[in-house]
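Asker: Below are the structure tokens for one structure; questions will follow.
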Amino acid sequence: MAHYHNDYKKNDEVEFVRTGYGKDMVKVLHIQRDGKYHSIKEVATSVQLTLSSKKDYLHGDNSDIIPTDTIKNTVHALAKFKGIKSIEAFAVNICQHFLSSFNHVIRTQVYVEEIPWKRLEKNGVKHVHAFIHTPTGTHFCEVEQLRSGPPVIHSGIKDLKVLKTTQSGFEGFIKDQFTTLPEVKDRCFAAQVYCKWRYHQCRDVDFEATWDTIRDVVLEKFAGPYDKGEYSPSVQKTLYDIQVVSLSQVPEIDDMEISLPNIHYFNIDMSKMGLINKEEVLLPLDNPYGKITGTVKRKLSSRL
């Protein structure tokens with residue numbers, strides 16, 4: 001039978017690397033009413049706090065613990081007091097509240113994602129209080145702030161599915177004894193975009209306009225001109241083009257990470273049915289899938 005040593009306070013064989021606790025997926029719908037014209041923000045927020053002491057871990061002493069239920073209530077109260085102008089501003093408000101209210105909180109991390117509601121509109125007329133859920137990319141942000149420093153803000157896009165039926169190929173790759181993939185000059189190209197960028201300065205930044213700009217760049221570089229498209233020789237090239245254009249158009253951001261899971265669509269062989277299928281009927285395959293990633297940052301000389 002194993003024997004367990006209970007006097008953990010004398011254990012000098014381990015040390016803390018990082019600690020934190022908090023509340024995940026705190027959901028809020030905030031309604032801004034300007035007469036009969038209403039605006040909404042629905043968000044899911046996760047908060048992590050790091051404390052200056054470790055006595056809760058070492059000794060089970062909870063005297064420094066801010067209950068996670070209190071963290072949840074604080075998120076709700078800040079939505080009431082501050083509103084949600086942007087998810088980035090809301091996350092910064094949460095960080096600064098805990099750092100200013102509790103001297104023993106030394107680090108805050110807040111993740112917020114926005115549920116994609118869009119105001120109903122018809123013939124250029126916007127509805128005053130009705131919205132439709134439009135899953136065309138989720139806006140999220142991550143804000144971290146230490147007691148001794150300013151907030152570090154990342155924003156991003158996820159769950160943005162895109163597909164084009166031509167103007168994509170894949171040729172010239174390495175072939176060995178295990179290669180069965182044929183070269184192709186024309187194929188479907190589909191991906192689920194994950195894109196995250198870091199702001200090097202946040203003063204007077206319009207976070208929502210920046211998000212819209214980068215989302216537009218993603219779509220424009222993926223699709224190309226509306227009348228003819230733009231050829232993509234590889235997922236990697238499209239990924240890099242998105243990053244270069246984004247950093248050139250948005251001077252407030254310093255780096256950008258993109259992940260493009262390559263969603264495969266394969267031509268279905270109908271020859272046994274006596275049919276010729278010329279890339280008209282394709283089979284979507286969820287797994288396995290290719291995953292292409294890349295992170296770029298501004299060169300130091302370009303920041304000066």
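Residue numbers in this text run from 1 along the chain shown.
Backbone N, Cα and C define each Cβ position, glycine as well.
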Asker: Per Swiss-Prot, what member of Asn93, Asn262, Asn267 joins Thr68, Asp69, Phe170, Arg187, Val235, Gln236 in binding urate at one site?
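Answerer: Within the candidate list, Swiss-Prot flags Asn262.
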Asker: Looking at the recorded positions Lys23, Thr68, Lys164, Lys278, which has the shortest Cα distance to Asn262 (urate binding site)?
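Answerer: Sorting the recorded positions by distance from Asn262 (urate binding site), the top entry is Lys164.
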Asker: Which residues of the same chain, at least 6 positions away in sequence, have a Cβ lying under 8 Å from the Cβ of Lys164 (N6-acetyllysine)?
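Answerer: Listed in sequence order, they are Cys188, Phe189, Ala190, Phe222, Ala223, Gly229.
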